[in-house]
Amino acid sequence: MSAEETFEKELTANDVGETNSHQAGIHIPKSQKDLLAFLPELDPSVKNPDAWLVATDDAGIEWKFRYIYYNNKYHSDRGTRDEYRITHMTKALRALGASAGDTLSIAGVPRSGKIRIKIRRDDEPETRDTSASVETPQPVRVKLAGWRKVH
DNA sequence: AGCCATGCACCG
DNA sequence: CGGTGCATGGCT
């Protein structure tokens, strides 16, 4: 049987759309070969190949995420992108109450295209204010290391 | 309004 | 300089 694997990533402000960027998704560090192997295969010879994922949260709700490989760096003259991304997560992240600094867990059987997502907020010391006293325009640049695999 | 695709900024 | 976060413009 293909055992399930779990990955986690600390969400950045940009990932959750807290920085005015309509990214609608998160970024995936290329260093995470395991995660890339866990996700569906994308053909590098094709420009911006994509695949759809089906994610289920704790509430049993199913979300559809778009897993893309932006590689115009190798397919366009002045392309600069060479990265993986998962988009279409805005609604899901909102429903899960995700915010920058939270940890997103992804579990599932490798290559199945189906995952289970979960939000874990342990890196939050006291950032619980309900934007009532958000006068501090803190440079919310999260310095994260990316994903980590949990065997 | 939300997403796609891409460029730029910043940091190690 | 590569990789990742941030941001923008255009298209749907």
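Here the Cβ of each residue, glycine as well, is placed from N, Cα and C on the backbone.
All TrEMBL annotations are machine predictions without curation.
Of the candidate ranges A:1-22, A:111-132, TrEMBL annotates residues A:1-22 with the feature region 'Disordered'. Here the region 'Disordered' (A:1-22) is broken down by DSSP into helix, strand and coil counts: 0 helix, 6 strand, 16 coil.
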